[in-house]
Structures are given as structure tokens and as C-alpha cells.
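These come from TrEMBL:
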ACT_SITE  50  active site, proton donor
BINDING   108  substrate binding site
DOMAIN    23-260  domain 'NADP-dependent oxidoreductase'
SITE      75  site 'Lowers pKa of active site Tyr'
Ligand SMILES: NC(=O)c1ccc[n+]([C@@H]2O[C@H](COP(=O)([O-])OP(=O)(O)OC[C@H]3O[C@@H](n4cnc5c(N)ncnc54)[C@H](OP(=O)(O)O)[C@@H]3O)[C@@H](O)[C@H]2O)c1
């Protein structure tokens, strides 16, 4: 199965399907990521906040894969609000991952009530200029946050990683990204499993001979977003990888889109203000 790539606004290619490691325990991460590589995933989405970058790095080292064959994303944690602290944190990430650059570095949360995300963006611009990241982007940014970056900074984010699934289409943030040339990455693409019993998804799954998870992930892919479902279960890793040999009709796409309830599984980025001690 060949995973298509999307071209980011700086020319970097990103595999449209990857593997997320949120909530994969640090001690299990190396083994889980090695299994994901065996299944065929070549794009790993981690974060400083997940505490498992070293496990990803160990898997990269043990896999025998060339560094250039794997797209690695990490995210600046919320505690690193000052320039020097953020630069140090990125250095520690690169050490943990065993690489001199990541493919994509994101600001994890905008924290608009706590600190200035524009200042953090300028730090990421520096990492990018210095070669520590092939592309930089943001996560959980609302349209107003993206517009401020456009007005006040130089580099346009390559991606905005936001919560998107059939119960939260998140149209406004996706549209703002589209307007600015920013690719949307859909986190919790199956809403951590909550959408999988939905009668509409069950009906479509039956009609196309696929599972509700595959139908949901295929819906994201056909909308043009990047996805990286997480699973520690080998059979689910394989299931979630098999998305490129079937297609949903326009009617199926519309029926899934109509499930939107504006229902978040995670925090609201406009008010989320969690800053861990560092
Ligand atoms: N930027 C952010 O703020 C942010 C926030 C959240 C997530 N993310 C990223 O997005 C990735 C994915 O999101 P997520 O981990 O929250 O949720 P998700 O991928 O929507 O769902 C993961 C959950 O669904 C289960 N699952 C996976 N595939 C399944 C299948 N085929 N059938 C039934 N159940 C299945 C997994 O169970 P098992 O593991 O037990 O198999 C796990 O409990 C994360 O790993 C992370 O990389 C980013």
C-alpha cells in the first residue's frame, strides 16, 4: 500500500497517513513504533508533552530505516514560553530522537490567555532557519491566531494540527488554513474511538465492506487532511493503514460530514491554559 504525500507550502513532502503516539507509555514506545514501521508507517507524530520521544528515537535507530525515509514531527511543550528555554527544549528533543533535525516542529498549544504565541513562533522561525526543522507549524490554532501570525511574522506555518473528526468538522479553522496555504492535520481522527458505533458510519462501512475506523479515516483523506491514528494493537495498526484501495462516494462523504455536533474530545484552544512546570 503506497501512502500519498501532500506538498507543504515550503515544498516539503509529508505522508498523508502517519502514526500518532499520544498516550503510548514511554517504556512501550520503541516496540510500538517498530511494529508501526513493520506495518508500513513512515510518519510518526510525537510531542515533548507525550514523554516518549526517546522511544521514537530508539525505534528509528533500531529499525535500520534511513533517516530520510521517516517523517518525524514533534511539538514544543507548553512550559517553554521564553526563547532560550524553547531553544533548549528543542535541542533536547533532537537528542532524544537521535537526529539533527525533525521534519516538522509545532507549537503544541497557542495558550492565548497565558503567553504570546507570536514570540514562540519567532523561536520556531529561528529553529527553521538554523536547520533544526525542515518545516514548522502550529497546533490548536484558531483562525484569529493564524491571522495574527500572518500579520506579524515572516514564515507561514506549514500545518495547523487541530482536532477534527465526524463529530467536530472544525470548518472554521480548516477554512482559515486553506485560505493561508496551511495544511490541516486532523488529531483524534476517530475521536479516540467515540465515533465508531455511529449508525451512519456502521451503515457506510457495511456498504463498502470496510470497518467504521477505515471509513472515518478515508473521509479525512478524501477531504485532504493529514491523519495519524494511534493504536498499540497490531491488527488496528494494519486496519488503519489500509485506506488507499477504496473510495467513498460523494453521498457517503456528505452523510459523514452531516454528523458534525461541534463536539470536542479535547480542550478548547481559546481557553486552554495548562502550563506544566519545567
Ligand atoms: N496536537 C494535539 O493537541 C493533539 C491532541 C491529541 C492527539 N494528537 C495526535 O493525534 C494522534 C491521534 O489521536 P488520538 O491518539 O487522540 O486518538 P485516535 O487516533 O482518534 O484514537 C486512538 C484510540 O482509538 C483506538 N483505536 C485505534 N484504531 C482503532 C480501530 N481501528 N478500531 C477501534 N479502535 C481503534 C486506540 O486503541 P488502542 O491503542 O488500544 O488500540 C485508542 O484508544 C495522537 O496519537 C497524537 O499524535 C495531537
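All positions are counted from 1 along the displayed chain.
Cβ atoms here come from the backbone N, Cα and C positions, even for glycine.
Automatic, uncurated: that is what TrEMBL annotation is.
All features noted in TrEMBL, drawn onto the structure.
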residue : record                               : DSSP class
50      : active site, proton donor            : helix
75      : site 'Lowers pKa of active site Tyr' : strand
108     : substrate binding site               : coil
Residues near the residue listed as 'substrate binding site' in space but at least six apart in sequence (CB under 8 A): 47, 48, 49, 75, 76, 77, 78, 139, 140
Cβ atoms near residue 50 (active site, proton donor) (within 10 Å, other residues, all chains): 22
Within the predicted model, mean pLDDT of the domain 'NADP-dependent oxidoreductase' (23-260): 98
